[in-house]
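Undergrad: If you look up TrEMBL, you'll see His97, Asn171 marked as active site. What TrEMBL records for Tyr385 is heme binding site. Positions annotated as domain 'Catalase core' by TrEMBL: 39-438.
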Amino acid sequence: MSSIGQSVEKAFTTMTSKNSKVVDLQRDILEPRTSQPLTTDHGVKVADTDNWLKIIGSDSESKSESKKNGPSLLEDQIGREKIHRFDHERIPERVVHARGTGAHGHFKVFDDRASKYTFAPVLTDSSRTTPVFVRFSTVQGSRGSADTVRDVRGFAVKFYTEEGNWDIVGNDIPVFFIQDAIKFPDFVHAVKPEPHNEVPQGQSAHNNFWDFVGLQPESAHMVMWVMSDRGVPRSFRMMQGFGVNTFTLVSADGKRHFVKFHFIPELGVHSLLWDEALKINGQDPDFHRKDLSEAIESGAYPKWKFAIQTIPESEQHDFDFDILDATKIWPQESVPLEEIGELVLDRVVDEFFPETEQVAFCTSHVVPGIGFSDDPLLQGRNFSYFDTQISRLGANWEELPINRPVCPVFNHNRDGKSRHRIVKSEVNYWPNRKDIGHPVSEEKGGYVEYAERLQGIKQRARGSKFQEHFNHAQLFYNSLAAYEKAHLVNAIGFELSHCEDPDVYRSYINVLNNIDFDLAKAVAVQVNGDVPNKPGRDNHGRTSHGLSQLDFLPKEPTIVSRRIAILISDGFNAVEMQAVRAALTSAKAVCYLIGPRRNHIRPMAGQDLGPEVFADHHFDSQRSTLFDAIYIPSGEEHVKTIAKNGRVVHWVREAFGHCKAIAAVGEGVDFLREVVRLPASVDLFTPSRVQGIDEVVTSYGVVTTGKYSASSVVTDVLNIAADTRGFASNFAFQISQHRCYERELEGLTQQVAF
């Protein structure tokens with residue numbers, strides 16, 4: 001890309017979301033002023049909102065003049081309205097994707113490089129900034145379920161374009177469990193809590209789900225993705241987004257391409273460990289929601305590159321799979337990605353319900369230049385999404401502020417529940433004598449479907465290429481790193497071990513044996529399945545780029561928005577801590593001081609004259625699971641104190657077991673060595689065990705040094721790169737790698753109790 005192109009691309013990252021949709025929403029936003037008076041919904045000021053209107057009489061049998069409560073009166077309109085409105089606050093939650101959160105932002109293309117595929121200005125006009133609203137969600141659980149369950153994540157984007165709303169109703173996984181939409185009710189019934197006891201909530205580890213996918217082999221590819229680390233993302237900001245279905249693009253000269261849509265996160269693709277995800281479910285069930293708002297409000301705006309894969313209509317049948325099959329990917333070696341724009345989220349919602357809960361997406365919402373394919377899953381989604389919004393929000397759901405377009409809207413649709421728009425006109429039909437609401441030609445922007453020639457026989461069937469179900473599951477499994485494969489084996493083992501029916505957990509081994517022989521054997525041993533003695537089919541051995549999360553590490557290592565816990569107690573080295581913290585925050589990491597109390601923590605002797613240091617949290621109120629890394633400063637008294645605190649000891653062991661970056665200085669190194677207690681053959685701390693020596697040692701993601709003095713600070717200009725000499729720089733690089741999985745692969749984490 002040219003330097004001009006690079007500068008233009010970089011400029012996108014500084015844009016704000018003071019866009020046309022934000023302006024549009026202002027007319028529905030009420031900002032109460034201080035001492036705002038209370039009124040009823042019909043505008044009457046309320047004198048008393050604490051007592052229902054009732055009869056208050058005197059007690060005739062009492063000698064005192066005490067007053068006695070009588071019956072409450074139905075005539076109390078103020079009381080009835082307050083209770084009535086409370087009783088009707090809830091609307092039906094989504095059947096799937098009920099648990100979610102959202103944010104506002106904008107989208108912009110880099111240039112007109114996509115004009116060879118489409119004439120849609122949202123994808124070709126670089127002078128435009130298109131407002132967006134994005135909603136992330138889990139699939140299986142209810143609105144009250146936890147964020148970090150193993151599940152697919154919804155990644156739905158509403159583009160408020162000048163030609164109308166365009167919705168990409170996607171997921172964080174590029175494929176789906178089924179090929180044909182008619183199977184969607186069966187899949188959802190199977191994955192949801194079982195009907196006889198409404199268990200389990202927010203997870204697929206139960207008989208019905210595994211029974212269904214075991215009998216529906218087209219789901220094999222999707223199961224591999226969900227059971228991989230993709231099923232437990234570290235953050236919404238660190239996961240990909242996919243349109244899942246095959247859409248079409250039509251160019252100005254009438255040529256059609258099939259297209260897949262991709263969102264690639266700037267921060268890379270990262271996940272939680274399963275033990276970590278389980279613990280966060282209880283420790284902070286809103287972890288992902290908080291993470292998103294914390295990042296936006298701190299100015300670390302989440303960003304994704306927007307990319308497309310395109311196939312000319314003439315090449316539709318040139319592949320060994322059907323490109324309209326939603327259980328298949330388009331391998332990047334055959335169909336390269338083209339990055340054409342950027343999505344940025346830069347504004348949190350003002351009120352959750354009218355924005356995040358009432359936002360509604362439809363795959364059928366496209367704009368001129370973008371169309372549909374004969375993808376049988378998409379065809380059914382186009383019907384279902386529109387239908388479910390009417391059921392949940394009413395026929396006029398597109399008039400709700402968060403859903404209405406920013407472009408002019410006019411048609412002859414009328415009435416219905418909760419109609420907002422008032423049309424001042426004598427006619428509500430077409431044709432009419434005043435030419436109101438007339439159709440628009442294609443030349444003037446009217447949407448015209450692509451003229452496609454079709455010939456066939458009407459029947460309930462699927463194309464011949466839809467019958468193969470395991471090649472892409474093998475491709476995904478083969479492309480994973482060693483630690484990713486190990487996590488996948490353990491994930492399937494965990495899920496099947498929660499299935500009580502032997503027919504369920506034993507039969508799924510047969511499905512796995514069609515993907516990989518060693519995979520099937522490993523899972524069978526874990527769950528008491530029948531260990532196969534030969535492969536169900538040979539593994540083709542092929543791999544593809546873009547399937548392992550390692551393929552998405554940022555080109556320039558970054559620790560932006562990473563959460564770092566600094567463990568301190570009375571007598572810690574405050575000068576050292578402040579120097580290290582300043583280095584990390586200069587790279588936009590977020591540091592938290594964790595101490596024995598949420599109050600002033602006294603530094604070591606001789607450092608009392610500096611500003612007071614307050615802990616953000618105490619040891620029992622937070623856990624290592626909620627942070628990306630931990631740092632233990634030096635200080636003899638401080639280290640002696642935390643060494644006697646079992647909670648702190650667990651903090652460090654747990655962070656080590658979860659493969660997180662850990663840093664320690666001076667006496668903190670001695671504490672770390674005693675806590676982790678690895679065999680003598682594995683010494684992570686030499687020579688930094690010798691206090692007073694400022695040589696930096698990095699081993700298995702653990703960064704240590706004997707001291708961090710003023711001279712260390714001078715030479716430790718933060719440089720996030722491998723093989724740097726400075727303590728803070730080394731620590732930052734280890735954080736940027738997300739985790740040190742070598743610790744796990746070489747069995748070190750198994751030797752530490754956490």
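Glycine is no exception: its Cβ is also placed from the backbone N, Cα and C atoms.
Walk me through the surroundings of each of these features.
TA: All protein chains included, Tyr385 (heme binding site) registers 18 other Cβ atoms within 10 Å of its own Cβ.
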Undergrad: Would you kindly give the Cα-Cα distance separating His97 (active site) and Asn171 (active site), rounded to the nearest Å?
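TA: About 10 Å separates the two Cα atoms.
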Undergrad: Please give the average pLDDT for the domain 'Catalase core' (39-438) in this predicted model.
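TA: Reported value for the domain 'Catalase core' (39-438) is a mean pLDDT of 96.
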Undergrad: If you measure Tyr385 (heme binding site) to His97 (active site) at Cα, how many Å is it?
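TA: So the Cα of His97 (active site) lies 12 Å away from that of Tyr385 (heme binding site).
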Undergrad: For Asn171 (active site), list the number of other Cβ atoms lying within 10 Å of its Cβ atom.
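TA: A 10 Å sphere around the Cβ of Asn171 (active site) contains 24 other Cβ atoms.
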Undergrad: Taking the Cβ of His97 (active site) as the centre, count every other Cβ atom within 10 Å, in any protein chain shown.
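TA: A 10 Å sphere around the Cβ of His97 (active site) contains 21 other Cβ atoms.
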